[in-house]
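As recorded in Swiss-Prot, the features of this protein are as follows:
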BINDING   THR49, CYS50, ASN51, ARG52, SER108, GLU113, PRO114, GLN115, GLN119  substrate binding site
ACT_SITE  CYS50  active site, nucleophile
SITE      HIS98  site 'Important for activity'
BINDING   GLY188, ALA189, GLY190, GLN191, THR192, GLY193  NADP(+) binding site
Amino acid sequence: MALISLAIDYKKSPIEVRSEFALSGLDVSMLYRSILAIDNVVHAVILSTCNRTEVYLEISDLRVVDDILVWWQGYVRNPNYKIKDYFKLRQGTEVIMHLMKLACGLESMVLGEPQILGQVKDSYTLSKKNHAIGKELDRVFQKVFATAKRVRSETRIGHCPVSVAFSAITLAKRQLDNISSKNVLIIGAGQTGELLFRHVTALAPKQIMLANRTIEKAQKITSAFRNASAHYLSELPQLIKKADIIIAAVNVLEYIVTCKYVGDKPRVFIDISIPQALDPKLGELEQNVYYCVDDINAVIEDNKDKRKYESSKAQKIIVKSLEEYLEKEKAIISNSAIKELFQKADGLVDLSLEKSLAKIRNGKDAEEIIKRFAYEIKKKVLHYPVVGMKEASKQGRSDCLVCMKRMFGLNVEK
């Protein structure tokens, strides 16, 4: 079984590309059913956030990568975007190292951001719910979560108040000096939307409107604040008229706010959704200011220096954690092989022993039977090692011959 991952992220792909290849907003159960239906795909975990879409897989044949790319391409709306031009393939240990760094926030646009760990955990949970995760992949994710927990407790990488949500609010503050007199509309009440809401409430705006598909979730977030209100997405045309700042963090497959919704009133539009929820053409109107996820980079760069030292400490923890994981996996593989070896030997002995005992019970010469039994066991036990040594010799594999000699306690110098 091989471990691989296929990824499209902000490092190689701009927002319009990431939007096309995003798997968020689609039916999760359908996604898992379809990917597990591909021959040689054994287990899978799908992660889709605003900055990346990644698929982690246990496969039985590396040639299946082409089939997975075809599967992914099938969800792309614009045929001009070809996944082979953008994806990154990782294999084996590289997958585990990347996932550890990712969960610790070291691969994020915002170095050390804590939200990614929750997103990775959510993806893992959905995979388990859809019976898509196996023992090996499960062990990988459990070690990843333990590593992230250790990094958070032993470093200060997550202590600076920096996230995509925080950076979005920073951009809004740069455009509007006095937010206390402004109305803010947040679209989406998911994890990022809730984080946006917290940052906005700290600025004490005149009014906060939170719109979501299900109003119950929005109500739960806004209920403790007198200047906050919960709304359905269907109310967006009316809400936009009132708003000075519109921030979107929602999973949609097409723009839900376009130029037809806005008049001449100056507004700040910030879209951190993938795929994009706010039409970029909003920024072409003279009175508006428009930002997308990629524009947040400038804000993030200002905060990177504060976290670089903590990042190096986190890297050391990750390297150590990976070494621990690999050692444990070696032991698991070794123990499994040893168990199988003993089971094989038991099968050989049991069959020959039963035949020998039956002959003795029938009055045959016990000494002769025991000698014959010992000879048969020796022959059966050594059959496959002898075949293997002959094959290794034919292929000039002296390393295999040395290994086999050591296994049987033979002199490796001869």
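Keep in mind that glycine also has a Cβ here, set from the backbone N, Cα and C atoms.
What Swiss-Prot annotates, mapped onto the structure for a quick look.
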{"residue": "THR49", "record": "substrate binding site", "contacts (Cβ under 8 Å, 6+ apart)": "SER24, ILE116, GLN119, ILE274"}
{"residue": "ASN51", "record": "substrate binding site", "contacts (Cβ under 8 Å, 6+ apart)": "ASP9, TYR10, ARG18, SER108, MET109, VAL164, ILE274, VAL293"}
{"residue": "HIS98", "record": "site 'Important for activity'", "contacts (Cβ under 8 Å, 6+ apart)": "SER5, ALA7, ARG90, GLU107"}
{"residue": "PRO114", "record": "substrate binding site", "contacts (Cβ under 8 Å, 6+ apart)": "GLY105, ARG152, GLY158, SER163"}
{"residue": "GLY188", "record": "NADP(+) binding site", "contacts (Cβ under 8 Å, 6+ apart)": "ALA211, ASN212, ALA248, ALA249, VAL250, ASN251, SER273, ALA277"}
{"residue": "ALA189", "record": "NADP(+) binding site", "contacts (Cβ under 8 Å, 6+ apart)": "PHE197, LEU210, ASN212, THR214, LYS217, ALA218, ILE221"}
{"residue": "GLN191", "record": "NADP(+) binding site", "contacts (Cβ under 8 Å, 6+ apart)": "GLN115, GLY118, GLN119"}
{"residue": "THR192", "record": "NADP(+) binding site", "contacts (Cβ under 8 Å, 6+ apart)": "CYS50, GLN115, VAL164, ALA165, ALA249, ILE272"}
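Taking the binding-site residues SER108, GLN119 in turn, the residue surrounded by the fewest other Cβ atoms inside 10 Å of its Cβ turns out to be GLN119. Note: GLY193 (NADP(+) binding site) has non-local neighbours ILE186, ILE187, LEU210, ASN212, ILE221, ALA249, VAL250, i.e. same-chain residues 6+ apart with C-beta under 8 A of its own C-beta. It is CYS50 that, of the recorded positions CYS50, GLY190, has its Cβ surrounded by the most other Cβ atoms within 10 Å. Neighbours of the NADP(+) site: apart from GLY188, ALA189, GLY190, GLN191, THR192, GLY193, residues of the same chain with C-beta atoms within 8 angstroms of the site's C-beta centroid are GLU194, LEU195, LEU196, ASN212, ALA249, VAL250. Reduced to three states, the DSSP call for ASN51 (substrate binding site) is coil.
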